[in-house]
2 protein chains.
Amino acid sequence: MLLPKGFQTASVAAGIKPSGNADLTIVVSDTPCAWAFAGTRSAAAAACVLRNRERHAALTPVRALVVNAGNANAATGRQGEADNAALAELAARTYGLETGEILTASTGVIGHLLPMERVSSGFGRLKTAPSRDAGLFARAIMTTDTRPKLAERTLSGGQRIVGSAKGSGMIHPDMATMFAFVFSDAAIAQDTLRAAFPGIVARTFNAVTVDGDTSTNDMAAAFVNGAAGAADPAEFLAALEEVMRELARMIAADGEGATKLLTVRVQGAASEEQALRAARTVAGSALLKSAVYGNDPNWGRVIAALGRADADMNLEGLEVSVQGVPVFAGRPLPYDTPAVSQLMRAEEVVFEIDLKAGSARGEAWGCDLTEGYVRINAEYTT
Amino acid sequence: MLLPKGFQTASVAAGIKPSGNADLTIVVSDTPCAWAFAGTRSAAAAACVLRNRERHAALTPVRALVVNAGNANAATGRQGEADNAALAELAARTYGLETGEILTASTGVIGHLLPMERVSSGFGRLKTAPSRDAGLFARAIMTTDTRPKLAERTLSGGQRIVGSAKGSGMIHPDMATMFAFVFSDAAIAQDTLRAAFPGIVARTFNAVTVDGDTSTNDMAAAFVNGAAGAADPAEFLAALEEVMRELARMIAADGEGATKLLTVRVQGAASEEQALRAARTVAGSALLKSAVYGNDPNWGRVIAALGRADADMNLEGLEVSVQGVPVFAGRPLPYDTPAVSQLMRAEEVVFEIDLKAGSARGEAWGCDLTEGYVRINAEYTT
């Protein structure tokens, strides 16, 4: 998949990831971009998140995004802040830009200083192989992801939107260990993009939950450089949401150790906020996630999760279905357990819930909880 | 372990648990008890919780607690309410008590109607074997627990406090799938007991987290019948907290699939509430729990969890130690990773955190997250 017009990328293996895979990458726009950003709500947010938030408040355009994977540069104190600033300076020097035009993003293990000699040496090799292949970027930002994540849409005027994301552990509604970057050659006013971006993030990336943890580093950002001309704002925003939704589902499906995607659709909620919260709470239940792994239609765990979701519901009318089969409607319904279990042996398991408390809807995505999750996370640093 | 004076118990295998183990049990006091109760905050609380809460508000004494295990009688609608009332009626008829003098508690799978014929038949056999063995009660209330949980203290005046608890999945701060019942033959004013009970519950049972889920059924209750005479209230309440703390640690250590106890001690917090919330958030982190299982001193996950704990902290001074070894003090500290990993191969792993934001303290308990947890919960109903 090619990046939109006017964007180029490059990646190198700087030696940050022990695997020797590409771990330092940049996307540069030929011209300044309008952009929008959303960062983790963690009180221990990493230096890159804090710096991008400052840039965002400054309202000035950006030209480039530099990402390293394999080291989150989080909980690294003042040295970490200095190293993060150095990332932007190295990128600026390499590409002849201002440091203020550059965003930074780091992902990986927390609490280790960035190996700045390797990073610096990596920058020296970065500019020699410019490319438009979005896959290069998608692969370089991976950590425990099992596959690169890319999505695209083309607008009626020919402008393109290309997004790339990474997961996959420590993912939770409040912008967890997740990157999602979207690039477009459409021309869209920065105000329009920024007004819509938080809502789109709430309905897409923040509706993904893998393990209830919230990362110090995660962020979503959209960059538009206008190289393919003006687009209809409504069409653009709808396509942007589709790209981000597709990426969100990819992240959930590739949760650490996951064997299937868990989708929770809530309707009949008193508000969209409550619908999303209920859907996320159910999708994040460790007990339900374990049951989904075991193809066990244990809908009681849906009720238990809803009970702590802080969302209005009418228990006497509440409806739950699994893979389209009604299992609860104010009381347990009879159903063919082996048949429903068989239906759950699918790539995607869908729970539909009607709270019977209003008319708002929301959807969230997670994955099953497996022995693989435990193995991956028991062995991450040692 | 014998129950305190004036209490007797009996248990039968009524056929609610598929295993054929004891699953219906009662504790009866010779005389009316002063009592205190705390139930789940779940909006989908089971009939037994709702009924006990009503009894609690009525302020009248109780004489008996009847418990069934193997079926939570939750999400069972109006029939479930009727069946729960029938539990109290059957107990009242069997022991010649008023239904209002009886509390009920059900635990097990959610969303299945109680097999009332078996329950009724079980009551017929219950009164034939009265006993003072608290172990009978402790075993009958177990579900996925691997061992019965009992603790006791004797006051200077000879009065005794005996507590029994059950876990072990779906356990979380807000009174999750957990029962904790404490019986004493001390004479204590109900007002004194009820004034202190919520704080004791907050510092003990609500500081236990196993998987982030909150059950529809969980509850803690204390019963004092005065059979051994008046006790010093302060001495009594201190001993009660010790018993409940010991039970809380037992529940955490016996979390589903757990191989070790995870203890998180927080100091330097702005308030006790913040200290407890920070401790619980860290103890409940799926990523940290996986790391503890793997003997991995990945303290970065402590920082990540603190970041979403909604507790004041001074990141530049924040201190973290693992098994007594300082690993972070505003910045990563050098330490011998294999040596710390070796120290983590213990029955209890302790993280100590100083938030440097005040002088309040709090402690929480959890367990490691293992492949065993996933296996148990993937196969619970099918």
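Along the chain as shown, the residues are counted starting at 1.
Placed from the backbone N, Cα and C atoms, the Cβ positions cover glycine too.
Under the three-state DSSP scheme, B:Thr143 (substrate binding site) falls in the coil class. Per TrEMBL, substrate binding site is recorded for B:Thr143, B:Lys166, B:Thr177, B:Glu256, B:Asn377, B:Thr382.
The annotation active site, nucleophile is assigned in TrEMBL to B:Thr177. The Cβ neighbour count for B:Thr177 (substrate binding site), using a 10 Å radius and every protein chain shown, is 30.
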In three-state DSSP terms, the structure that B:Glu256 (substrate binding site) belongs to: coil
Lowest local Cβ density among B:Thr143, B:Asn377, which the record lists as binding-site residues, within 10 Å: B:Thr143
Conformational class of B:Asn377 (substrate binding site) under the three-state DSSP mapping: helix
Subset of B:Thr143, B:Glu256, B:Asn377 (binding-site residues) with C-beta under 8 Å from chain A: B:Asn377
Count of other CB atoms lying within 10 Å of the CB belonging to B:Glu256 (substrate binding site): 28
Cβ-Cβ distance under 8 Å to B:Lys166 (substrate binding site), same chain, at least six residues away: B:Ala69, B:Thr107, B:Ala138, B:Ile141, B:Met142, B:Thr143, B:Asp145, B:Lys149, B:Met178, B:Phe179, B:Ile251
